[in-house]
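According to TrEMBL, the protein has these features:
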- Arg29, Glu89, Lys128, Lys461: (6S)-5-formyl-5,6,7,8-tetrahydrofolate binding site (BINDING)
- 224-382: domain 'TrmE-type G' (DOMAIN)
- 234-239, 253-259, 278-281: GTP binding site (BINDING)
- Ser238, Thr259: Mg(2+) binding site (BINDING)
Amino acid sequence: MGNTTYLHSTDTIVALATAAGKGAISVIRLSGPQAISICNAIFSGKNLLEQPSHTIHFGTIRDGARVVDEVLVSLFVAPHSYTTENVVEISCHGSDYIVQEIIKLILQKGARLAQAGEFTKRAFLNGKFDLTQAEAVADLIAADSSKAHEVAIKQMRGGFSVEIKALRAQLIHFASLIELELDFGEEDVEFADRAALENLVHHLQNLIRNLLQSFTLGNVLKNGVATVIVGKPNAGKSTLLNVLLNEEKAIVSDTPGTTRDFIEDEISIEGILFRFIDTAGLRETQDKVEAMGVERSRQKIEEAALVIYLFDVNELTPADLATELAALNVPDKPLLAVANKVDLAADLEVAAYQAIAPVLFIAAADKIGITELKQHLLRAVNQGDLTTGANTIVTNLRHYASLEQTYQALDAVLQGLANGTTGDFLASDIRRALYALGEITGDITTDDLLENIFSKFCIGK
Ligand code: GDP
(Lines of atoms letter the chains of each structure in order from A and count residues from 1; the text may use other names and numbers.)
(Lines give C-alpha, C1' and ligand atoms only; values in the text may rest on other atoms or scores of the structure.)
Protein backbone atom coordinates (compact mmCIF):
# COMPACT_ATOMS: atom_id res chain seq x y z
CA MET A 1 0.00 0.00 0.00
CA GLY A 2 1.43 3.35 -1.06
CA ASN A 3 0.63 5.16 2.14
CA THR A 4 2.42 2.82 4.57
CA THR A 5 5.80 3.94 3.27
CA TYR A 6 4.91 7.57 3.91
CA LEU A 7 7.01 9.34 6.54
CA HIS A 8 5.32 11.67 8.97
CA SER A 9 5.50 15.32 7.97
CA THR A 10 8.31 17.32 9.46
CA ASP A 11 6.45 20.61 9.42
CA THR A 12 3.60 21.77 11.61
CA ILE A 13 0.48 23.26 10.05
CA VAL A 14 -2.11 25.62 11.49
CA ALA A 15 -5.57 26.79 10.41
CA LEU A 16 -8.82 28.07 11.75
CA ALA A 17 -11.02 24.95 11.96
CA THR A 18 -14.32 26.69 12.57
CA ALA A 19 -16.09 29.17 10.29
CA ALA A 20 -14.66 32.69 10.18
CA GLY A 21 -16.59 35.58 11.73
CA LYS A 22 -18.02 36.39 15.13
CA GLY A 23 -19.14 33.48 17.27
CA ALA A 24 -19.04 32.18 20.81
CA ILE A 25 -15.96 30.10 20.13
CA SER A 26 -13.41 29.67 17.37
CA VAL A 27 -11.15 26.65 17.16
CA ILE A 28 -7.62 26.92 15.81
CA ARG A 29 -6.05 23.61 14.92
CA LEU A 30 -2.38 22.66 14.73
CA SER A 31 -0.95 19.38 13.48
CA GLY A 32 2.64 18.21 13.23
CA PRO A 33 5.63 17.27 15.36
CA GLN A 34 5.94 20.76 16.91
CA ALA A 35 2.23 21.33 17.46
CA ILE A 36 2.44 21.00 21.24
CA SER A 37 5.75 22.81 21.72
CA ILE A 38 4.67 25.73 19.52
CA CYS A 39 1.45 26.13 21.45
CA ASN A 40 3.34 25.78 24.72
CA ALA A 41 5.59 28.68 23.73
CA ILE A 42 2.68 31.12 23.62
CA PHE A 43 0.53 29.52 26.33
CA SER A 44 0.58 30.49 29.95
CA GLY A 45 -1.00 28.23 32.55
CA LYS A 46 0.92 25.01 32.70
CA ASN A 47 3.59 23.17 30.78
CA LEU A 48 1.68 21.49 27.91
CA LEU A 49 4.67 19.27 27.10
CA GLU A 50 4.12 17.41 30.36
CA GLN A 51 0.39 16.79 29.92
CA PRO A 52 -1.11 13.50 28.80
CA SER A 53 -3.06 13.05 25.54
CA HIS A 54 -6.78 13.79 25.42
CA THR A 55 -6.71 16.46 28.12
CA ILE A 56 -7.98 20.03 28.11
CA HIS A 57 -6.19 22.96 29.75
CA PHE A 58 -7.27 26.44 30.66
CA GLY A 59 -4.81 29.31 30.32
CA THR A 60 -3.94 32.44 28.38
CA ILE A 61 -2.32 33.04 25.02
CA ARG A 62 0.34 35.72 25.39
CA ASP A 63 2.28 37.87 23.01
CA GLY A 64 5.15 38.70 25.33
CA ALA A 65 3.50 40.28 28.34
CA ARG A 66 0.26 41.12 26.52
CA VAL A 67 -2.66 38.72 27.09
CA VAL A 68 -4.34 38.01 23.73
CA ASP A 69 -7.14 35.76 25.02
CA GLU A 70 -8.19 33.27 27.63
CA VAL A 71 -8.42 29.87 25.97
CA LEU A 72 -8.92 26.15 26.35
CA VAL A 73 -6.28 23.94 24.78
CA SER A 74 -7.09 20.34 23.80
CA LEU A 75 -4.13 18.00 23.41
CA PHE A 76 -3.95 14.93 21.18
CA VAL A 77 -0.57 13.26 21.37
CA ALA A 78 0.61 11.25 18.33
CA PRO A 79 -0.56 8.79 17.16
CA HIS A 80 -3.92 9.25 18.85
CA SER A 81 -5.29 12.10 16.80
CA TYR A 82 -7.21 12.85 13.60
CA THR A 83 -4.00 13.13 11.59
CA THR A 84 -2.03 10.63 13.75
CA GLU A 85 0.41 13.51 14.41
CA ASN A 86 0.53 15.72 17.49
CA VAL A 87 -2.61 17.81 17.31
CA VAL A 88 -3.57 20.84 19.39
CA GLU A 89 -6.92 22.58 19.26
CA ILE A 90 -7.10 26.03 20.78
CA SER A 91 -10.63 27.13 21.62
CA CYS A 92 -10.56 30.91 21.82
CA HIS A 93 -13.24 33.57 21.75
CA GLY A 94 -14.90 33.78 18.35
CA SER A 95 -13.42 37.00 17.02
CA ASP A 96 -11.58 37.37 13.73
CA TYR A 97 -9.09 39.69 15.42
CA ILE A 98 -8.22 37.23 18.20
CA VAL A 99 -7.96 34.36 15.71
CA GLN A 100 -5.64 36.39 13.50
CA GLU A 101 -3.45 37.39 16.43
CA ILE A 102 -3.13 33.82 17.71
CA ILE A 103 -2.41 32.37 14.25
CA LYS A 104 0.21 35.11 13.70
CA LEU A 105 1.94 34.12 16.95
CA ILE A 106 1.85 30.45 15.96
CA LEU A 107 3.37 31.24 12.56
CA GLN A 108 6.13 33.24 14.26
CA LYS A 109 6.96 30.17 16.33
CA GLY A 110 7.55 28.11 13.19
CA ALA A 111 4.28 26.63 11.99
CA ARG A 112 2.94 27.30 8.50
CA LEU A 113 -0.60 27.86 7.24
CA ALA A 114 -2.37 24.66 6.25
CA GLN A 115 -3.57 24.19 2.69
CA ALA A 116 -7.15 23.21 1.86
CA GLY A 117 -7.87 19.72 3.16
CA GLU A 118 -4.34 19.26 4.47
CA PHE A 119 -5.35 17.86 7.86
CA THR A 120 -7.45 15.18 6.17
CA LYS A 121 -4.74 14.59 3.57
CA ARG A 122 -2.24 13.95 6.35
CA ALA A 123 -4.69 11.57 8.00
CA PHE A 124 -4.93 9.68 4.71
CA LEU A 125 -1.17 9.69 4.03
CA ASN A 126 -0.51 8.49 7.56
CA GLY A 127 -2.81 5.53 6.99
CA LYS A 128 -5.59 6.69 9.29
CA PHE A 129 -8.20 5.93 6.64
CA ASP A 130 -8.43 5.26 2.93
CA LEU A 131 -9.23 7.69 0.17
CA THR A 132 -12.96 6.98 -0.05
CA GLN A 133 -13.22 7.67 3.67
CA ALA A 134 -11.30 10.93 3.33
CA GLU A 135 -13.60 11.98 0.50
CA ALA A 136 -16.60 11.09 2.63
CA VAL A 137 -15.43 13.66 5.19
CA ALA A 138 -15.96 16.40 2.59
CA ASP A 139 -19.31 14.89 1.58
CA LEU A 140 -20.40 14.74 5.19
CA ILE A 141 -19.73 18.44 5.67
CA ALA A 142 -21.55 19.27 2.43
CA ALA A 143 -24.52 16.97 3.11
CA ASP A 144 -27.69 18.98 3.55
CA SER A 145 -30.32 16.28 3.48
CA SER A 146 -30.72 13.30 5.77
CA LYS A 147 -30.12 10.76 2.96
CA ALA A 148 -26.95 12.46 1.74
CA HIS A 149 -25.76 12.53 5.32
CA GLU A 150 -26.55 8.85 5.79
CA VAL A 151 -24.57 7.84 2.70
CA ALA A 152 -21.59 10.02 3.67
CA ILE A 153 -21.48 8.66 7.21
CA LYS A 154 -21.61 5.10 5.90
CA GLN A 155 -18.77 5.80 3.49
CA MET A 156 -16.69 7.61 6.09
CA ARG A 157 -16.97 4.59 8.32
CA GLY A 158 -15.55 2.44 5.54
CA GLY A 159 -18.65 0.76 4.09
CA PHE A 160 -17.77 1.40 0.51
CA SER A 161 -14.13 0.42 0.46
CA VAL A 162 -14.59 -2.85 2.32
CA GLU A 163 -16.28 -4.29 -0.74
CA ILE A 164 -13.71 -2.83 -3.12
CA LYS A 165 -10.82 -4.18 -1.09
CA ALA A 166 -12.29 -7.67 -1.00
CA LEU A 167 -12.67 -7.64 -4.79
CA ARG A 168 -9.18 -6.41 -5.25
CA ALA A 169 -7.66 -9.08 -2.99
CA GLN A 170 -9.26 -11.84 -5.07
CA LEU A 171 -8.00 -10.35 -8.28
CA ILE A 172 -4.49 -9.94 -6.93
CA HIS A 173 -4.49 -13.63 -6.14
CA PHE A 174 -5.19 -14.51 -9.78
CA ALA A 175 -2.75 -11.97 -11.12
CA SER A 176 0.03 -13.46 -9.07
CA LEU A 177 -0.81 -17.04 -10.16
CA ILE A 178 -0.72 -16.01 -13.80
CA GLU A 179 2.50 -14.11 -13.34
CA LEU A 180 3.95 -17.19 -11.69
CA GLU A 181 3.13 -19.12 -14.87
CA LEU A 182 5.07 -16.54 -16.87
CA ASP A 183 8.12 -17.21 -14.71
CA PHE A 184 8.09 -20.75 -15.99
CA GLY A 185 8.55 -19.42 -19.50
CA GLU A 186 8.31 -22.08 -22.17
CA GLU A 187 7.01 -24.78 -19.87
CA ASP A 188 3.32 -25.24 -20.41
CA VAL A 189 2.02 -24.85 -16.86
CA GLU A 190 -1.24 -23.38 -15.68
CA PHE A 191 -1.41 -22.50 -11.98
CA ALA A 192 -4.37 -20.25 -12.44
CA ASP A 193 -7.50 -22.24 -13.02
CA ARG A 194 -9.00 -20.50 -16.08
CA ALA A 195 -12.56 -21.58 -15.28
CA ALA A 196 -12.26 -20.27 -11.72
CA LEU A 197 -10.81 -17.01 -13.02
CA GLU A 198 -13.69 -16.64 -15.43
CA ASN A 199 -16.12 -17.24 -12.57
CA LEU A 200 -14.45 -14.64 -10.43
CA VAL A 201 -14.45 -12.09 -13.23
CA HIS A 202 -18.17 -12.65 -13.81
CA HIS A 203 -18.78 -12.29 -10.11
CA LEU A 204 -16.74 -9.08 -9.98
CA GLN A 205 -18.53 -7.66 -12.97
CA ASN A 206 -21.88 -8.31 -11.33
CA LEU A 207 -20.82 -6.47 -8.21
CA ILE A 208 -19.35 -3.61 -10.19
CA ARG A 209 -22.49 -3.38 -12.31
CA ASN A 210 -24.51 -2.96 -9.11
CA LEU A 211 -22.12 -0.31 -7.86
CA LEU A 212 -22.30 1.51 -11.19
CA GLN A 213 -26.08 1.38 -11.12
CA SER A 214 -26.13 2.71 -7.59
CA PHE A 215 -24.44 5.86 -8.87
CA THR A 216 -27.68 7.24 -10.28
CA LEU A 217 -29.19 6.84 -6.86
CA GLY A 218 -26.03 8.06 -5.14
CA ASN A 219 -26.00 11.14 -7.29
CA VAL A 220 -29.62 11.81 -6.40
CA LEU A 221 -28.87 11.44 -2.72
CA LYS A 222 -25.84 13.65 -2.88
CA ASN A 223 -26.89 16.37 -5.30
CA GLY A 224 -30.66 16.19 -5.26
CA VAL A 225 -33.04 15.54 -8.13
CA ALA A 226 -33.07 18.26 -10.75
CA THR A 227 -36.79 18.71 -11.31
CA VAL A 228 -38.33 20.92 -13.94
CA ILE A 229 -41.94 22.10 -14.07
CA VAL A 230 -43.06 22.81 -17.62
CA GLY A 231 -46.41 23.71 -19.11
CA LYS A 232 -48.24 26.45 -20.93
CA PRO A 233 -48.38 29.98 -19.52
CA ASN A 234 -50.99 30.32 -16.81
CA ALA A 235 -51.11 26.58 -16.16
CA GLY A 236 -50.14 27.45 -12.60
CA LYS A 237 -46.46 26.58 -12.57
CA SER A 238 -45.37 29.47 -10.35
CA THR A 239 -48.29 28.82 -8.03
CA LEU A 240 -47.34 25.16 -7.74
CA LEU A 241 -43.71 25.98 -7.16
CA ASN A 242 -44.69 28.45 -4.45
CA VAL A 243 -46.87 25.92 -2.75
CA LEU A 244 -44.12 23.32 -2.91
CA LEU A 245 -41.52 25.68 -1.58
CA ASN A 246 -44.01 27.19 0.83
CA GLU A 247 -42.64 30.58 0.10
CA GLU A 248 -43.38 33.43 -2.24
CA LYS A 249 -40.29 32.93 -4.34
CA ALA A 250 -41.72 33.00 -7.84
CA ILE A 251 -43.74 35.86 -9.24
CA VAL A 252 -47.36 34.81 -9.70
CA SER A 253 -49.26 36.79 -12.28
CA ASP A 254 -52.42 36.61 -14.37
CA THR A 255 -50.61 37.77 -17.50
CA PRO A 256 -49.48 34.74 -19.51
CA GLY A 257 -45.75 34.30 -19.75
CA THR A 258 -44.65 36.58 -16.96
CA THR A 259 -42.53 34.01 -15.20
CA ARG A 260 -39.37 34.71 -17.10
CA ASP A 261 -36.67 34.09 -14.60
CA PHE A 262 -35.54 30.66 -13.59
CA ILE A 263 -35.90 30.26 -9.92
CA GLU A 264 -34.00 27.31 -8.61
CA ASP A 265 -34.95 26.06 -5.25
CA GLU A 266 -34.94 22.94 -3.21
CA ILE A 267 -37.25 20.99 -1.01
CA SER A 268 -36.58 17.82 0.91
CA ILE A 269 -39.20 15.09 0.67
CA GLU A 270 -38.50 12.31 3.15
CA GLY A 271 -34.82 13.13 3.12
CA ILE A 272 -34.50 13.32 -0.67
CA LEU A 273 -33.58 16.69 -2.09
CA PHE A 274 -35.54 17.95 -5.11
CA ARG A 275 -34.10 20.96 -6.88
CA PHE A 276 -36.93 22.74 -8.68
CA ILE A 277 -36.38 24.77 -11.75
CA ASP A 278 -39.25 27.05 -12.73
CA THR A 279 -39.51 27.87 -16.41
CA ALA A 280 -41.29 30.21 -18.71
CA GLY A 281 -44.12 28.66 -20.72
CA LEU A 282 -43.49 26.30 -23.59
CA ARG A 283 -45.73 28.09 -26.07
CA GLU A 284 -44.57 29.33 -29.44
CA THR A 285 -44.05 33.07 -29.28
CA GLN A 286 -42.87 36.12 -31.17
CA ASP A 287 -41.73 37.91 -28.06
CA LYS A 288 -37.94 37.74 -27.90
CA VAL A 289 -37.54 37.57 -24.16
CA GLU A 290 -40.26 34.97 -23.97
CA ALA A 291 -38.75 33.04 -26.89
CA MET A 292 -35.55 32.74 -24.98
CA GLY A 293 -37.61 31.36 -22.14
CA VAL A 294 -39.05 28.65 -24.40
CA GLU A 295 -35.62 27.74 -25.70
CA ARG A 296 -34.29 27.57 -22.18
CA SER A 297 -37.22 25.44 -21.08
CA ARG A 298 -36.19 22.79 -23.56
CA GLN A 299 -32.66 23.13 -22.33
CA LYS A 300 -33.84 22.70 -18.73
CA ILE A 301 -35.71 19.53 -19.69
CA GLU A 302 -32.39 18.23 -20.97
CA GLU A 303 -30.73 19.06 -17.67
CA ALA A 304 -33.52 17.73 -15.48
CA ALA A 305 -33.73 14.26 -14.00
CA LEU A 306 -37.46 14.55 -13.51
CA VAL A 307 -40.07 16.50 -15.50
CA ILE A 308 -43.44 17.68 -14.26
CA TYR A 309 -45.82 18.61 -17.06
CA LEU A 310 -48.45 20.87 -15.53
CA PHE A 311 -51.62 21.80 -17.42
CA ASP A 312 -54.83 23.66 -16.73
CA VAL A 313 -57.42 20.89 -16.84
CA ASN A 314 -60.01 23.41 -18.07
CA GLU A 315 -57.88 24.40 -21.05
CA LEU A 316 -56.57 21.08 -22.26
CA THR A 317 -58.72 18.19 -23.48
CA PRO A 318 -57.46 14.61 -23.14
CA ALA A 319 -56.70 14.65 -26.87
CA ASP A 320 -54.69 17.88 -26.44
CA LEU A 321 -52.82 16.28 -23.60
CA ALA A 322 -51.78 13.40 -25.83
CA THR A 323 -50.49 15.88 -28.42
CA GLU A 324 -48.65 17.96 -25.81
CA LEU A 325 -46.95 14.97 -24.20
CA ALA A 326 -45.88 13.66 -27.58
CA ALA A 327 -44.48 17.09 -28.48
CA LEU A 328 -42.57 17.28 -25.20
CA ASN A 329 -40.82 14.08 -26.17
CA VAL A 330 -39.17 13.06 -22.90
CA PRO A 331 -38.41 9.38 -23.45
CA ASP A 332 -35.46 8.96 -21.14
CA LYS A 333 -36.60 10.29 -17.77
CA PRO A 334 -39.64 10.20 -15.53
CA LEU A 335 -42.41 12.53 -16.74
CA LEU A 336 -45.25 13.33 -14.38
CA ALA A 337 -48.43 14.70 -15.98
CA VAL A 338 -50.28 16.91 -13.50
CA ALA A 339 -53.72 18.44 -14.11
CA ASN A 340 -54.21 21.74 -12.28
CA LYS A 341 -57.21 23.88 -11.30
CA VAL A 342 -59.58 20.99 -10.61
CA ASP A 343 -61.48 23.45 -8.38
CA LEU A 344 -62.73 25.22 -11.52
CA ALA A 345 -63.67 22.07 -13.41
CA ALA A 346 -67.42 21.51 -13.56
CA ASP A 347 -67.17 18.02 -14.96
CA LEU A 348 -63.82 16.34 -14.54
CA GLU A 349 -63.14 13.60 -17.11
CA VAL A 350 -60.66 11.74 -14.94
CA ALA A 351 -60.85 8.46 -16.85
CA ALA A 352 -60.36 10.12 -20.23
CA TYR A 353 -57.13 11.78 -19.03
CA GLN A 354 -55.94 8.66 -17.26
CA ALA A 355 -56.32 6.81 -20.55
CA ILE A 356 -53.64 9.09 -22.01
CA ALA A 357 -51.20 9.04 -19.07
CA PRO A 358 -51.24 8.43 -15.30
CA VAL A 359 -52.41 11.97 -14.65
CA LEU A 360 -52.43 13.40 -11.14
CA PHE A 361 -55.17 15.96 -10.33
CA ILE A 362 -54.44 18.98 -8.17
CA ALA A 363 -55.52 22.52 -7.38
CA ALA A 364 -52.24 24.27 -6.68
CA ALA A 365 -53.84 27.50 -5.45
CA ASP A 366 -55.97 25.58 -2.95
CA LYS A 367 -53.14 23.22 -1.97
CA ILE A 368 -55.23 20.23 -3.02
CA GLY A 369 -53.32 17.09 -4.08
CA ILE A 370 -49.91 18.43 -3.02
CA THR A 371 -49.14 15.61 -0.59
CA GLU A 372 -49.98 13.06 -3.30
CA LEU A 373 -47.81 14.96 -5.75
CA LYS A 374 -44.87 14.80 -3.36
CA GLN A 375 -45.34 11.05 -2.99
CA HIS A 376 -45.43 10.71 -6.78
CA LEU A 377 -42.21 12.70 -7.04
CA LEU A 378 -40.50 10.33 -4.62
CA ARG A 379 -41.79 7.28 -6.44
CA ALA A 380 -40.86 8.65 -9.86
CA VAL A 381 -37.22 8.98 -8.89
CA ASN A 382 -36.65 5.39 -8.06
CA GLN A 383 -39.87 3.49 -7.65
CA GLY A 384 -39.40 3.69 -3.90
CA ASP A 385 -35.94 2.08 -3.90
CA LEU A 386 -34.45 5.23 -2.43
CA THR A 387 -35.56 4.51 1.07
CA THR A 388 -34.92 0.76 1.05
CA GLY A 389 -31.22 1.60 1.25
CA ALA A 390 -28.95 -0.40 -1.02
CA ASN A 391 -25.89 -1.66 0.85
CA THR A 392 -23.29 0.24 -1.02
CA ILE A 393 -24.00 3.39 -2.91
CA VAL A 394 -21.52 5.15 -5.16
CA THR A 395 -21.87 8.91 -4.90
CA ASN A 396 -18.57 10.03 -6.27
CA LEU A 397 -17.90 10.62 -9.97
CA ARG A 398 -14.26 9.69 -9.51
CA HIS A 399 -15.22 6.31 -8.08
CA TYR A 400 -17.71 5.83 -10.87
CA ALA A 401 -15.07 6.47 -13.52
CA SER A 402 -12.64 4.04 -11.90
CA LEU A 403 -15.31 1.36 -11.61
CA GLU A 404 -16.11 1.77 -15.30
CA GLN A 405 -12.44 1.35 -16.17
CA THR A 406 -12.30 -1.75 -13.99
CA TYR A 407 -15.34 -3.15 -15.75
CA GLN A 408 -13.80 -2.60 -19.17
CA ALA A 409 -10.51 -4.17 -18.13
CA LEU A 410 -12.44 -7.17 -16.84
CA ASP A 411 -14.21 -7.38 -20.20
CA ALA A 412 -10.80 -7.63 -21.81
CA VAL A 413 -9.87 -10.41 -19.37
CA LEU A 414 -13.01 -12.33 -20.34
CA GLN A 415 -12.27 -11.86 -24.02
CA GLY A 416 -8.73 -13.03 -23.46
CA LEU A 417 -9.98 -16.12 -21.69
CA ALA A 418 -12.44 -16.86 -24.50
CA ASN A 419 -9.72 -16.53 -27.15
CA GLY A 420 -7.15 -18.47 -25.14
CA THR A 421 -4.86 -15.45 -24.95
CA THR A 422 -1.40 -15.90 -23.52
CA GLY A 423 -0.75 -15.28 -19.84
CA ASP A 424 1.14 -12.04 -20.28
CA PHE A 425 -1.85 -10.35 -21.96
CA LEU A 426 -4.22 -11.72 -19.33
CA ALA A 427 -1.94 -10.51 -16.57
CA SER A 428 -1.74 -7.04 -18.05
CA ASP A 429 -5.54 -6.75 -18.31
CA ILE A 430 -5.91 -7.92 -14.72
CA ARG A 431 -3.28 -5.39 -13.65
CA ARG A 432 -5.28 -2.70 -15.41
CA ALA A 433 -8.38 -3.67 -13.44
CA LEU A 434 -6.36 -3.74 -10.22
CA TYR A 435 -4.99 -0.30 -10.90
CA ALA A 436 -8.41 1.22 -11.48
CA LEU A 437 -9.78 -0.39 -8.32
CA GLY A 438 -6.74 0.73 -6.33
CA GLU A 439 -7.32 4.32 -7.36
CA ILE A 440 -10.68 4.28 -5.62
CA THR A 441 -9.37 3.37 -2.19
CA GLY A 442 -6.07 5.17 -2.58
CA ASP A 443 -3.97 1.99 -2.63
CA ILE A 444 -2.69 3.55 -5.83
CA THR A 445 -2.32 7.31 -5.88
CA THR A 446 -0.65 10.04 -7.83
CA ASP A 447 0.13 13.57 -6.64
CA ASP A 448 -2.33 14.96 -9.17
CA LEU A 449 -5.10 12.77 -7.87
CA LEU A 450 -4.49 13.79 -4.25
CA GLU A 451 -4.17 17.43 -5.20
CA ASN A 452 -7.45 17.23 -7.07
CA ILE A 453 -9.29 15.63 -4.17
CA PHE A 454 -7.99 17.62 -1.24
CA SER A 455 -7.97 21.03 -2.89
CA LYS A 456 -11.79 20.80 -2.85
CA PHE A 457 -11.80 20.66 0.94
CA CYS A 458 -12.01 23.78 3.01
CA ILE A 459 -8.99 25.15 4.84
CA GLY A 460 -8.77 23.75 8.34
CA LYS A 461 -10.34 20.40 7.44
P1 GDP B 1 -47.74 30.02 -14.74
O2 GDP B 1 -47.79 31.02 -15.85
O3 GDP B 1 -47.85 28.63 -15.24
O4 GDP B 1 -46.58 30.19 -13.82
O5 GDP B 1 -49.09 30.25 -13.90
P6 GDP B 1 -49.29 31.02 -12.50
O7 GDP B 1 -48.78 30.22 -11.38
O8 GDP B 1 -48.82 32.42 -12.67
O9 GDP B 1 -50.87 30.98 -12.41
C10 GDP B 1 -51.70 31.62 -13.33
C11 GDP B 1 -53.01 31.94 -12.68
O12 GDP B 1 -53.71 30.75 -12.34
C13 GDP B 1 -52.89 32.73 -11.40
O14 GDP B 1 -53.89 33.71 -11.35
C15 GDP B 1 -53.10 31.70 -10.31
O16 GDP B 1 -53.62 32.25 -9.15
C17 GDP B 1 -54.10 30.79 -10.98
N18 GDP B 1 -54.08 29.44 -10.42
C19 GDP B 1 -53.01 28.66 -10.19
N20 GDP B 1 -53.39 27.47 -9.66
C21 GDP B 1 -54.72 27.51 -9.54
C22 GDP B 1 -55.70 26.58 -9.05
O23 GDP B 1 -55.40 25.48 -8.59
N24 GDP B 1 -57.00 26.96 -9.12
C25 GDP B 1 -57.36 28.18 -9.60
N26 GDP B 1 -58.65 28.48 -9.61
N27 GDP B 1 -56.48 29.07 -10.05
C28 GDP B 1 -55.18 28.75 -10.03
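Even glycines carry a Cβ here, placed using N, Cα and C.
Features per TrEMBL, on structure.
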residue: Arg29; record: (6S)-5-formyl-5,6,7,8-tetrahydrofolate binding site; CB count, 10 Å: 23
residue: Glu89; record: (6S)-5-formyl-5,6,7,8-tetrahydrofolate binding site; CB count, 10 Å: 22
residue: Lys128; record: (6S)-5-formyl-5,6,7,8-tetrahydrofolate binding site; CB count, 10 Å: 18
residue: Asn234; record: GTP binding site; CB count, 10 Å: 21
residue: Lys237; record: GTP binding site; CB count, 10 Å: 28
residue: Ser238; record: Mg(2+) binding site; CB count, 10 Å: 21
residue: Lys461; record: (6S)-5-formyl-5,6,7,8-tetrahydrofolate binding site; CB count, 10 Å: 20
#### Entry: Filtered binding-site residues, from Arg29, Asn234, Ser238, Lys461, whose Cβ is under 6 Å from an atom of ligand 1
Asn234, Ser238
### Task
State the three-class DSSP label for Lys128 ((6S)-5-formyl-5,6,7,8-tetrahydrofolate binding site), counting H, G and I as helix, E and B as strand, and everything else as coil.
coil
### Task
Select the closest residue to Asn234 (GTP binding site) from the following binding-site residues, measuring between CA atoms: Arg29, Glu89, Lys128, Lys461.
Lys461
### Task
For Lys237 (GTP binding site) and Lys461 ((6S)-5-formyl-5,6,7,8-tetrahydrofolate binding site), determine the Cα separation and express it in whole Å.
42
### Message
Of the binding-site residues Arg29, Glu89, Lys128, Lys461, which one has its Cα closest to the Cα of Ser238 (Mg(2+) binding site)?
### Response
Lys461
### Message
Between all pairs in Arg29, Glu89, Lys128, Lys461 (listed as (6S)-5-formyl-5,6,7,8-tetrahydrofolate binders), what's the biggest Cα distance, rounded to the nearest Å?
### Response
19
### Message
Over the span of the domain 'TrmE-type G' (224-382), how high is the average pLDDT in this prediction?
### Response
79
